[in-house]
Structure formats: structure tokens, C-alpha cells
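Sequence annotations record features per position, and here Swiss-Prot assigns active site, nucleophile to C319 based on sequence analysis. The active site, proton acceptor annotation in Swiss-Prot covers E353 and is backed by sequence analysis. Swiss-Prot lists Q183, Y211, N216, E232, D294 with the feature S-adenosyl-L-methionine binding site, giving sequence analysis as the kind of evidence.
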Amino acid sequence: MTSSYRQQLQAKIDRITTQFSEFTPPTLEVFESPEQHFRMRAEFRIWHTENDMFYAMFERNDDGKQKTVVRIDEFPIADKSINDLMPLLLAELKANSLLSQRLFEVDFLATLSGEMLVTLIYHRKLNQEWEQAAKALAEKLNIKIMGRSRGQKIVIGDDFVVEEFELLNRSFKYKQIESSFTQPNAQVCKKMLQWACDAAEGSKKHLLELYCGNGNFTLPLSLKFERVLATELAKSSVYAAQWNIEQNQIDNIQVARLSAEEFTQAYQGEREFRRLQEAYIDIQSYDFGTVFVDPPRAGIDDETLKLLQGFERIIYISCNPDTLYENLKTLTQTHRVTKFALFDQFPYTHHVESGVLLEKI
């Protein structure tokens with residue numbers, strides 16, 4: 001482990017340990033990231049000069065107002081497949097004005113299983129000639145390509161990739177849609193999935209999952225429970241989760257298109273939802289013992305926190321230590337922290353991903 005990686009990781013460990021000490025958690029479990037080639041997605045601006053075109057990012061000056069263009073020829077934190085493709089793709093784009101004209105952004109989405117989706121974003125309308133050139137490029141480089149412009153989306157192949165993880169003595173396939181959220185650090189994601197499954201060990205009754213996304217945690221957790229009800233509001237994520245459940249031949253999961261707030265209303269009988277009836281979901285038929293939450297950075301609203309306090313076990317994955325800290329002030333009134341973890345999902349940044357298991361006092 002290099003000193004620069006160890007130093008930034010230790011700073012996160014110190015911050016989390018100090019911030020959460022008042023909740024007297026057990027010893028912090030630390031899950032490291034690879035030091036390079038850990039990001040499975042990367043987004044670059046395309047910078048055009050009179051005689052050249054290159055990948056670029058912007059660096060803000062100290063005052064935060066001025067931005068400096070930084071040329072990017074390689075990107076060590078991105079997966080090796082992205083780094084290998086970057087110069088090959090750029091050379092092809094430069095050689096074909098149909099593909100390079102008014103191109104302003106290139107996004108890469110890769111998988112450990114070897115798939116690659118490249119999104120080319122333009123400041124012009126894309127025509128049939130562009131589509132023919134993009135098809136030839138996709139075939140030559142063995143990638144999927146998506147072209148985007150205002151009001152346009154042209155798909156060459158698919159608008160998704162399929163990731164595959166080995167976990168719990170089986171493989172799990174995940175559809176990852178181009179515009180939807182996916183965990184960017186696949187190696188750390190696998191460690192998070194394993195930790196969550198370990199936290200669920202010995203659980204009885206059924207599992208409720210809020211904010212399930214594409215079913216990232218839902219699939220492996222389903223092996224630990226008799227029945228699972230997962231909720232998610234974003235339609236594209238719900239469709240991806242349902243595809244993932246079918247592809248993985250798992251038959252004990254139902255997905256409800258509800259926000260956390262809406263689930264609380266339905267669970268407490270305050271409101272009926274046609275969406276539940278149409279999906280043949282009877283919330284009252286579940287006997288929940290454990291709830292799994294992976295909320296957005298804003299954390300969990302007060303009503304949902306009250307709901308969580310009624311569960312025997314809460315497994316909470318957080319991408320924002322500050323909102324986790326605030327939420328734990330409420331949850332530790334009824335529960336104690338029995339597992340505590342740090343996942344270095346975003347090395348060399350201030351972002352910290354953490355996990356806690358809470359059990360009823």
C-alpha cells in the first residue's frame with residue numbers, strides 16, 4: 001500500500017471513528033479499495049483546438065470561480081479497460097468528422113465482466129450518416145455506443161451493460177443502465193454486498209428494503225430471507241431491478257414503485273396505492289424483522305426514521321457520514337450499533353461510504 005493511499009484512508013478512519021464515538025460502536029471494519037483502476041465509469045469533456053481534439057476535465061482555481069482546462073491522456077483511477085480504450089477511441093473519432101463534429105462529451109461505462117458502453121454527446125442533431133459511422137465504430141472496437149443530443153438518443157447495441165459478481169457461492173448478474181446510478185467502484189461494491197449479507201446472518205422473518213435502486217443489495221440479501229419487499233421510486237431502476245431478479249432466477253422478491261415516505265403511508269394504512277394492487281403486492285402479508293436502507297445523501301426523513309424504529313434489525317449503508325450521524329441520534333434511542341464499517345468507495349476524495357447494523361435494545 002502506497003503512503004498516499006494509506007494517508008487518505010487513515011484520515012477517513014480517524015474522521016469516522018471520532019465522529020461516531022458517542023454511539024459506542026464496535027471496532028470499525030475497514031474495506032480498502034484498489035489504489036488504481038477502481039472506477040468503472042468515467043466522464044470527460046472533449047476539447048477542440050484548431051489542430052487537435054482531446055479528453056479534458058476542469059480544475060477550479062482557489063477562488064472557485066475560474067476553471068482551467070486539464071488535458072487527460074490517461075486516467076489511472078478508471079478501470080484498465082477504459083484506459084486501454086481511451087486512445088483507440090480518440091484516434092477513431094479524430095479520423096472521422098461525422099463522429100467528431102461538435103462532439104463535446106464522452107462517457108465510459110465498463111464492467112468487470114468485460115462489457116463497455118460509450119456515450120457520445122453532441123451539440124448538433126445526429127443523422128443517419130452519423131448512425132452508420134457509429135455502427136461501424138462499435139463493431140470495430142467491440143463496444144456498445146449511444147449517441148445523445150438535445151431531444152435525441154440513438155442506441156447502437158444496448159443502452160446498458162451487464163455486470164457479474166461472484167458472491168455466496170453463486171454469480172449475480174446486474175443490468176446497469178447508462179443514465180441510472182450504479183456503484184462506481186466494483187471491487188469495493190462486492191465487499192459491501194458481502195458485509196451486508198454477513199450483517200443479515202441469522203435474521204428471521206422477512207426483509208424490507210428501501211431505496212433499492214437496480215437491486216444491487218436486494219439480490220444477494222434475498223438468499224438470507226424467506227421473503228423480500230424492495231421499494232424504489234425511479235421507474236428505470238425499478239425496471240432494471242425486475243430484469244435482474246428474473247435473470248438471476250430469484251423468486252422471493254417483490255419490487256414496489258414507492259418512495260420511502262409513500263411506503264410508510266401504505267404500511268401504516270394511511271393511504272392506498274393502485275401501484276401496489278397492480279403489482280399484486282399485499283404489504284400486510286409480510287412479517288418484517290429486518291430493514292435495509294441505502295438512502296441518498298440527504299439521509300432519511302423523520303417519518304421513515306420512526307418507521308425504522310419498529311424493526312428488530314436495521315442495516316444502514318450511508319454515502320454521507322453527516323446525515324448518518326444525525327439519523328443515528330434518533331435510531332440509537334431504540335437500537336444499539338453492533339456492526340460498524342467503512343468502505344473506501346471513493347479513494348482520494350473526501351467522500352466516505354459507511355455501514356452500520358443496529359439491533360433493538
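Note: Cβ is positioned from N, Cα and C throughout, glycine not excepted.
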Can you name the residues of this chain that are 6 or more positions from Q183 (S-adenosyl-L-methionine binding site) yet have a C-beta less than 8 Å from its C-beta?
C189, M192, N216, Q345
Other than Q183, Y211, N216, E232, D294, which residues of the chain come within 8 Å of the S-adenosyl-L-methionine site, judged by Cβ distance to the Cβ centroid of those residues?
F181, C212, G213, N214, G215, F217, S237, I317
List every residue in the same chain as E353 (active site, proton acceptor), at least 6 positions away in sequence, whose Cβ is under 8 Å from its Cβ.
V188, M192, I317, S318, C319, L342, F343, D344, Q345, F346
Could you tell me which three-state DSSP class E232 (S-adenosyl-L-methionine binding site) falls into?
coil
Residues satisfying Cβ distance under 8 Å from D294 (S-adenosyl-L-methionine binding site), sequence separation of at least 6:
L210, Y211, C212, G213, N216, F217, Y316, I317, S318, C319
Taking the Cβ of N216 (S-adenosyl-L-methionine binding site) as the centre, how many other Cβ atoms fall within a 10 Å radius?
27
Can you tell me whether DSSP puts the residue listed as 'active site, proton acceptor' in helix, strand or coil?
strand
What residues, ordered by sequence, lie under 8 A Cβ-to-Cβ from E232 (S-adenosyl-L-methionine binding site) and sit at least six positions away in the same chain?
Y211, C212, G213, V238, A241, V255, A256, R257, L258
